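The region 'Disordered' annotation in TrEMBL covers 1-27. The feature compositional bias 'Pro residues' is assigned by TrEMBL to 1-13. The feature domain 'Ig-like' is assigned by TrEMBL to 231-326, 415-487, 517-611, 817-905, 1027-1115. Sequence annotations record features per position, and here TrEMBL assigns domain 'Fibronectin type-III' to 620-716, 718-813, 914-1009.
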Amino acid sequence: MPEPTEQAPPPEADAPTEAEQESEKTELTGLFLEKPENTVAIAGKDVVFVAKVDSSTLVRKPTMKWLKGKWLDLGSKAGKHLQFKETVHHYRPPNFMWPSDQLKNSVYTYEMKLVKVVPGDAGGYRCEVTAKEKCDSCTFEISVEGEQRHTETDLRAGEDAGEDEGDLDFSALLKATKKKKKPQPQIEESDVWELLKSAHPSEYEKIAFKYGITDLRGMLKRLKKMKTVEPKVSDAFLRRLESAYSVQKGKKIVLSVEVVDPNVEVKWLKNGQEIKPSAKYIMESNGNIRTLTINKCTLADDAAYECVIGNDKCFTEVFVKEPPVTITKLLDDYHVVVGEKVEFEIEVSEEGAHVIWCFEDQELSREDKTGRYRFRKDGKRHSLIIQEAMLEDTGMFYVYTNGGHSKGELIVEEKELEILQSIADLTVKSAEQAMFKCEVSDEKVMGKWFKDGKEVQPSDRIKITHIGRMHRLTIDDVKPEDAGDYTFVPDGYALSLSAKLNFLEIKIDYVPRQEPPKIHLDVSGNMVSQNTIIVVAGNKLRLDVEITGEPAPTVTWTKGDKVVAETEGRVRVESRTGLSSFVIEGAEREDEGNYSITVTNPAGEDKANLFIKIVDVPDPPEHVKCTGVGEDCATIVWEPPKFDGGAPVKGYLMERKKKGSSRWTKLNFDVFEGTTYEAKRMIEGILYEMRVFAVNGIGVSVPSLNSKPFMPIAPTSEPTKLTVEDVTDTTCSLKWLAPEKIGAGGLDGYVIEFCKEGDTEWQVANTDLVERQSYTVRNLPTGEKMNFRVVAVNIAGRSPPAVLSQPVTVREIMEHPKIRLPRHLRTKYIRRVGETINLVIPFQGKPRPVAHWLKDGEPVDPKKVGIRNSNVDSVLFIRSAERDHSGKYTLVLKIENMEDQATLDIRIIDKPGPPLAVKVTDVWGFNAALEWKPPKDDGNCEISGYTIQKADMKTKEWFTVYEHNRRTNCTVSDLVMGNEYMFRVFSENLCGLSEDPSLSKNTATISKTGQCCKRAPFKEKDVNAAPKFTTPLVDRSVVAGYSTAISCSVRGFPKPKIIWMKNRMIIGEDPKYLMMNHQGVLTLNIRKPSTFDGGKYGCMAVNDLGQDEVECTLVVREQ
């Protein structure tokens, strides 16, 4: 949520008095109806804090921010331990009638819940509410009491951690269990504090470690409150270090002091150790100012610092604020089956950052006893690994940092085992080999073989193998007792595959006579019809055909017209006495066809025909493409595979992935039968790719080619605030605002449509998209009532239209002519000779007014003055002004018989001529009186004064006697005895002095009188005086955001030192303040003050003879 701008507190705010703290906690302001109260919580129990805000005076929804200490934002730590809730209640005051139903008041209720309070939760808290330019805040305290604790001041409970304990708590949030603490040495509390008060600051850390104190900042703050600091006038420092400084991690900070002796050497200490100059620590000396600059602050720079001059010291604390860690790569969603590995991964903005992993409302820990979750950290990458997903893992996984959070959904479905090839019945002869084999979809599945219900155990003659997805039972040297029912049962699945092993016993009876050949074809295990054998591609076909006949017949295998006679190779014929075997190793599609076996002997011939059908997984689907998209969905279509593999296609499986990623996500586990699929739960603005698998009875095809990348986007919302700007007899000008919701698809432009009232057919006014938010529809029928609407268009299509609430009559409205004369032209307009004049006079009126100009009642000369008229204004232009351009210019605006006029008084001025008749009228003593007459040419402007110069006749060098003399006479004094003087006078107006002076007609001679001047002895006056303010500071009230200044004046000698203060604290070298001293006039400029800059401002002047001080109150009002 948005955070109010936090102004830097004044230095004294770090250590307010107890009375001020209590007042700050209880004072009610205008926004809060109910504030959180101080609470004493029991460790392990839940506690809830409630704040209510009245929105009756607000123009927009308020936002609440919960803080711990100075700057720790609790919003980033929301989770299982810290929960926030916001509700709103609408109400109407009793006995009050609202002017409309739309006016309502609301009370917003904000709750912060601490689940199972721990001692680290103790400390100071603050809640801030902001609404546009209004801001209010309140503070409250939480104290934690344990069930076995009786000491109220246990530092380890964090009671005095104050504002800074929040930073120390974060590591505790990452631990799921508490470790048992080692027993600490027992010591009375008063003894610990007495020991700390008497110890050197460099010993604090050692004492804290010895007695089990972990909250060092809280210890320092409490120790500071316990020590009685007596005011002491420093002999070495004019300005000491502030009590505390804060700086962002990675930024630099400057510590500055002002010393009395500009030549003194200072030492800087950090935690009691002297700091040596380096690139990180820069020490500078400039006059009385000594500075320590710390570059690129880290958490190691969070320490106590001292500046030492001899035996005098000043102390401060530097707090380094660590910036929030943000998540740069968010979590992905996963859709897996039971047993698959899942790895959630994020990237954060800082290396070594702490993160919290949660499943639903449960925090995950490295100390989890089940060991199902593993955590991995690699630089900025953090991973949560689930080795084997289970059904109970289905849900939302969250990851939190102190600057943000992300979530990812895990869907785990039950794994289904698919039989890709079942086992078949076998018929074998004695001493031959029998092999049962089957293929399942999961190569990790194990299984057991059974014969007639009893488990088959492997031996030298019986072998059980499992390679990939294939399971085989091989029986060598088959014997009659091997015949029976064989069953394969996969582990963990309620299914079984069965087949029968038939033992073929061959009996040879000798018949001394001839017997016609006979084919005994028995392929019942592979036959699907009378003469068709189906073989799965890649499998082996062995067709054993028993042949009888006397004498032994000749066997011939043919495929079509081609004889198959090979005895070796992938397709071959194997012959033995009374048996012919047709073998195909690794069946392929081209092996499919009609086969025949012919046996002949002298007694006759026999023939059998077979059709061998090769079945395979289907080809991949084709032409996968996206035909439509929505905000979080997309419609995918494809074409069935060209070849179905010899078995009907049962359906399809779909997968998607983000473009640039290598991880595919399954969209369905059950076979989808159609060729149009709507994929949902997608992220708007992300490019996706899709692929499809075809499934038949044999198995799953290879994936199709990836679809072209597509992006789920939605059309924008309708344009807002559609209004009519202007109407004429044939046009209508419309204007509107952009849609409130645009989305990732952006905005390409607008389409404007219109139709007559009563019609339903809309006509498009613009051929190309309009990018501006205004448009003029032209060529409309005069007098007709027209409806207008505007549609926003982006890549996803058209938005809902914005329609005018009522029809517009196309007819121009008569409007009286009106000249809008600018304010600066309502008085005399003065320009100098040679300057350019360009005056723009706006006007209004309908239809278009006719404008013309007059000068002193006559039409203006177009050769001297340029005129340009438009629909809305008239421009008067003079390239180079002359004296004769002066006069009264009148703009006349006419529409038919209506008229409006405006007059401008333009005066062009030039330098004046010289004065007339300059003469010396009288001379006496060392003085001479002059008189003259005004010049004939005043330059078309009032004479503002005269400049008088003198020159003696010897050197004839001119010296100015008077400037800006407004009278036409003057007296020149302090002339030198014995010299003769001549004079000259210049005229002056707004343009300056006249080009030529006027010389006096006569001269003035100062004669010698023979008298001598006896001067009185000089007595030096004592001008030393203590400072005294002659003009005090005046109370002021200013508006926030506008710079202001307060000023006063002081006198004193020697020149006093000026010290400006705010709330009795000296204002340092803050760039917000600019201090000026101009001959005793003191000014303090405050740049763009905020409400925090209000208060009492004082100015103190100090010199060796004393000091004086004045004060005023500055009130800063909100805009």
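A Cβ is built for glycine as well, from the same backbone N, Cα and C atoms used for every other residue.
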The domain 'Fibronectin type-III' (718-813) - residue tally per DSSP class, helix then strand then coil: 0 helix, 45 strand, 51 coil
Number of helical, extended and coil residues in the domain 'Ig-like' (817-905), per DSSP: 6 helix, 52 strand, 31 coil
Closest-packing stretch to the domain 'Ig-like' (1027-1115), where packing means Cβ pairs under 8 Å, from 231-326, 415-487, 620-716, 718-813: 231-326
Within the domain 'Ig-like' (517-611), residues counted as helix, strand or coil by DSSP: 3 helix, 58 strand, 34 coil
Average model confidence [pLDDT] within the domain 'Fibronectin type-III' (620-716): 90
